[in-house]
Ligand SMILES: [Zn+2]
C-alpha cells in the first residue's frame, strides 16, 4: 500500500536510507498473534521439537514477515525517490505497511511504476525463498521459516494487486485510467469505486465464505479497504470539481492590505489596533504585493519612531511559494494551502497585483454546503 495515514500511537524506530521508520503500537499485537498462531501450529505438527523451538521459530517467522512487508514498502519508496519524490516515512501498523509519499508522480506512467514496485519486490522475495526451499531442501525450523516466507511474499503480492484503492492494484488501475483519459481524478475516482467493491467482497467473503477467526480478520481488512476507498472517491470528487475553477474565482478581499509607504503610526491606528487580525499583507502604490507585516512588529519598535518609520522598513518578504497565480486551478491551490499549512494564500496577477486571498475555510464551506464559491469582483 502507499497512502497517507495519521501516525497516532506510532513509535519512531530509526531511519532506513534516510526515510524515517515508524512502528505503530498495534504492530506488537500482530507480532504476538503471529508468533502464537504459527508457534502453536508448529508445536502441534512437530512434537519432537519440544516446547521452546516452535515458539522461537514462530517469533523469527513473524519478524521476517515484517521484514518482507518493509522491503515491499522500500520498493515503492525507491521508485518514488527515483522520480525525485520525497518519501516522508515508512510505517508498520495493524494492516501491514505504508510508505507515506510526499506527492503524486507527475505522469500516469510514473505512478504506475511506483504502484508496481512493491508487488515486484514481493514476487522477487517469493522467488528467492521458493528457490531456497527447492534447492536446499531444508528441514527442521529453518525449512519451516523459509517455506512460510515464500508463501507470505506470494500472498502479499497477490493481495496487494487486488484492483481497488488503497491497494497497489488500485493504484495500477488509477494510473491506467489516468493515462487513457488524461485526468488523474477520473483515475482515482474509478479505482476508488472498484476499491469499495473489493472491500465489500472481502467483508462478505470473510464473514460468509471463510468464516471463523481468519474470516473475521479478512472482513476487518475489507472494512479498512472499503472506508479508505470511499475517502479516495470523495477526495477525487472534490479535487475534480476544484480543478475546473481558478484561484481568482475564489479570491476574497475581506482583509485590508497595508500600503508600504504608510507609517507604523497609521498602520497601528488604521489597521492593527481596531482589528483582531494578526498578519497583514503589504502592497505598493500600484497595489502589487511587496511583503507582510505582523502586529508584533509594532511592539519591537519604540513608539516614538512609529510616525517616522514606514511599514516597508520593517515588513517581511513573502515567499513566492506562499502565493498563487490568478489562473492557477483551485485543486493546486488547495494542495499548496495544505502542504504549507496556511489558512489563506494571496492570489497575484502576473504583474504582482494583489487580487485577494483564497481561504481554506471558503473551499471547505463550498463543499459542505455545495454553494457556489463567491466570485471575485
Ligand atoms: Zn504496496
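Glycine is no exception: its Cβ is also placed from the backbone N, Cα and C atoms.
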Fill in the blank from the handout: Checking TrEMBL, the member of 168, 269 that binds Zn(2+) with 72, 76 is 168
Fill in the blank from the handout: Range annotated transmembrane segment in TrEMBL (choices 21-40, 241-260) is 21-40
Fill in the blank from the handout: Of the ranges 173-199, 200-226, the one TrEMBL annotates as transmembrane segment is 200-226
Fill in the blank from the handout: Expressed in Å to no decimal places, the gap between the Cα atoms of residue 168 (Zn(2+) binding site) and residue 73 (active site) is 11
Problem - Interface present between the transmembrane segment (200-226) and the transmembrane segment (109-130) (three or more C-beta pairs under 8 A) - result: no
Handout entry: Chain-internal residues, separated by at least six, CB under 8 A from residue 72 (Zn(2+) binding site)
Key = 97, 118, 119, 121, 122, 156, 160
